[in-house]
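See structure below.
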Amino acid sequence: MDKSFTLSRNENGIAVLTMDVPGETMNTLRAEFGPEISEVLTEIRSDHQIKGLVIISGKKDSFVAGADISMLDACTSADDAKQLSQQGHEVFLALEALTIPVVAAINGPCLGGGLELALACHMRVCTDSAKTMMGLPEVQLGLLPGGGGTQRLPRLVGITTALDMMLTGKQLRPKQALKMGLVNDVVPESILLRTAIEMALSGKKMPKKAKASMVNRVLEGTSAGRNIIFDQALKQVNKKTHGNYPAPEKIIDCVRQGMTKGLIKGLEVEATHFADLVMSPESEALRSIFFATTEMKKESGAGDVQAKPVKKAMILGGGLMGGGIASVTTTKAKIPARVKDINETGLSNALSYAYKLLDKGVKRRHMTSAARDNLMALMTTTTEYKGIKDADIVVEAVFEDLGLKHQMVKDVERECGEHTIFASNTSSLPISQIAEAAQRPENVIGLHYFSPVEKMPLVEVIAHEKTSAETIATTVAFARKQGKTPIVVQDGAGFYVNRILALYMNEAANLLLQGESVEHLDKALVKFGFPVGPMTLLDEVGIDVGAKISPILEKELGARFQAPTAFDKLLGDDRKGRKNGKGFYQYGTKSKKKLVDESVYAVLGITPTATSDAAEVVQRCVVQMLNEAVRCLEEGIIASARDGDIGAIFGIGFPPFLGGPFRYIDTMGPAKLVEILNQYAQDHGERFKPCAMLVEMAETGSRFHS
Ligand SMILES: C[C@@H](O)CC(=O)SCCNC(=O)CCNC(=O)[C@H](O)C(C)(C)COP(=O)(O)OP(=O)(O)OC[C@H]1O[C@@H](n2cnc3c(N)ncnc32)[C@H](O)[C@@H]1OP(=O)(O)O
């Protein structure tokens with residue numbers, strides 16, 4: 001097997017160990033490297049000419065991306081996983097025990113096991129490259145740092161800072177890492193190796209420790225104080241995860257035990273907890289998301305057809321969505337965007353949307369004001385069709401009115417180039433209907449963003465029957481440059497995400513009208529794992545938006561989409577949700593707690609007396625979403641269960657630890673779901689009737705994922 005590690009020596013006695021895993025774009029740590037690394041360490045220990053060691057990556061712009069997640073996925077028992085962790089501990093302890101100074105020279109991603117390797121070195125220097133990021137993101141995979149990170153990081157940067165990094169999985173930029181004492185120095189890439197060699201020659205020295213606050217120094221310096229930190233961290237974790245994610249609690253336990261009983265005991269606890277997490281269903285689900293999104297990055301969305309370059313975009317509409325789309329186009333994709341609106345108000349909204357986000361980065365010292373201004377210069381505005389002849393793509397984000405969108409199509413075909421793509425951000429109108437106004441329907445496509453645009457990772461790319469493959473590929477590539485995860489879905493009212501969301505929301509509305517309280521509904525679904533409850537979501541999206549979409553879905557997709565008519569009373573009472581400060585919740589109050597606007601019950605003519613248990617409330621709403629997701633797969637609206645899982649997780653926050661609707665059905669078993677749906681169909685109506693694909697899978701015992 002080709003070597004992954006090469007040891008070279010230079011004239012002043014410094015050895016340089018270069019890691020370069022053959023055939024891989026990223027270095028990752030694998031069990032089979034153990035013997036090779038041990039052999040290198042033995043050679044170093046026996047060669048007394050060597051005065052210091054530098055560890056560096058042979059990859060362009062990446063240090064080490066962590067342990068090979070596929071290797072973890074291949075573990076068949078907790079013992080397998082525990083041995084991997086223990087092997088890592090042995091190697092890193094041996095590295096740390098070298099009597100000569102060992103320096104990690106970091107350029108590019110240094111994550112997970114990669115950072116744990118660097119932590120086992122005596123010093124660390126990284127480049128100031130925008131690609132250099134350091135972090136322990138294992139928690140996002142349902143894991144914990146299993147290579148000693150739970151022990152070394154707190155001892156280097158302090159307990160509070162270490163817990164924050166490990167419990168959030170946040171990735172630090174070079175300056176942040178220097179400030180907290182994670183690295184000794186930050187230098188330009190051109191002098192990284194030279195600096196590391198000089199550091200090795202200068203002898204071991206600890207990095208500058210971040211100035212801990214007096215409170216933290218007192219708390220972390222005493223056992224009682226440390227227990228306060230751990231107990232507080234545990235309380236915050238449980239408040240956030242509702243017990244759905246086991247990793248955070250185990251991370252806290254590793255640090256607590258290690259700081260109390262010493263590093264070796266801490267490593268033992270770490271290996272045990274790491275092993276349990278590798279085998280947990282939650283981590284399996286979260287790892288599947290990583291594999292899915294990595295696989296999706298390589299897909300054009302249109303087979304072998306290549307995307308055309310997008311050098312300039314135009315955004316029609318400077319409102320909430322248009323402003324967000326313009327912002328991610330300029331600040332993420334770094335593509336010039338010309339925003340057109342009918343008045344200056346819309347234009348200033350788009351500009352301020354981008355400026356506020358960029359200025360946050362300046363205030364947090366993530367970017368300079370010059371960088372902010374350079375990015376802002378990419379956004380220009382107009383109230384007329386001027387300066388857009390060379391636009392490669394136009395994204396319309398105007399009011400949900402078919403006639404208006406038809407006018408936009410005609411304007412763009414008149415004012416822009418023959419190649420210009422017309423992408424509609426419509427959330428419900430079939431793209432084929434929008435394309436009816438087009439002379440070049442092959443250039444018309446749907447590009448559906450989710451609000452807030454800068455935060456929600458998903459976009460739906462919706463092809464109608466005449467959309468060209470080149471238009472699809474170009475739109476997918478454009479969305480990726482904006483930092484989005486695109487799924488290509490087929491045309492149809494509500495596409496995929498809004499379609500499965502609508503039935504879930506309607507069922508919550510039915511439960512409300514049957515006497516369940518707003519807070520009971522929302523708390524139940526949040527405890528299940530959604531980021532917010534259905535009534536909160538309706539307030540955020542807009543009760544008027546929901547009311548506009550529902551009849552479209554009912555007309556196009558059938559009676560099961562009929563929304564409860566009682567909800568019309570809400571609009572009659574001018575309740576649109578957060579947007580006009582009147583909805584299911586109170587707005588503008590001094591109370592920190594989110595309070596239900598109790599007057600909403602009188603408007604709906606109900607009294608919240610029902611007390612169904614939370615599990616029943618959850619099941620009633622979630623099975624509607626599951627059934628419709630399968631129907632979308634059955635009808636070809638989504639191309640695969642993988643896309644359906646990612647679309648639901650990234651589009652509406654379907655609980656990631658369940659892996660998405662399709663993985664959740666696999667776990668539950670299609671037969672069980674069909675049984676529940678049939679019972680509900682008897683008790684509550686035909687809208688619960690299981691779709692044919694589900695019934696067939698229940699009979700054959702097949703699953704969506706292998
Ligand atoms: C010992 C314990 O502490 C356990 C661990 O270390 S668990 C692993 C912790 N590390 C991570 O979670 C990092 C996962 N990777 C990423 O976040 C990203 O890949 C990146 C930020 C490192 C780079 O992103 P990007 O530039 O977009 O590149 P890709 O995501 O497309 O990745 C390029 C190829 O590298 C493969 N890859 C990256 N990380 C891993 C990994 N940890 N294990 C296995 N493979 C990894 C990825 O699959 C791509 O492979 P391809 O063949 O080129 O498609």
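The backbone N, Cα and C atoms fix where each Cβ goes, and this holds for glycine too.
Residues annotated as region 'Enoyl-CoA hydratase' in TrEMBL: 1-188. According to TrEMBL, the feature site 'Important for catalytic activity' maps to E116, E138. Annotation comment: TrEMBL describes 308-706 as region '3-hydroxyacyl-CoA dehydrogenase'. If you look up TrEMBL, you'll see 313-491 marked as domain '3-hydroxyacyl-CoA dehydrogenase NAD binding'. For 494-587, 617-701, the entry in TrEMBL reads domain '3-hydroxyacyl-CoA dehydrogenase C-terminal'.
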Summed over the domain '3-hydroxyacyl-CoA dehydrogenase C-terminal' (494-587), the DSSP helix, strand and coil counts are 65 helix, 4 strand, 25 coil
Around the Cβ of E138 (site 'Important for catalytic activity'), other Cβ atoms found within 10 Å total 30
Local Cβ density at E116 (site 'Important for catalytic activity') - other Cβ atoms counted within 10 Å: 28
How many Å lie between the Cα of E116 (site 'Important for catalytic activity') and the Cα of E138 (site 'Important for catalytic activity')? 11
Which whole number is the mean pLDDT over the region '3-hydroxyacyl-CoA dehydrogenase' (308-706)? 94
Please count the residues of the domain '3-hydroxyacyl-CoA dehydrogenase C-terminal' (617-701) that DSSP assigns to helix (H, G, I), strand (E, B) and coil. 69 helix, 1 strand, 15 coil
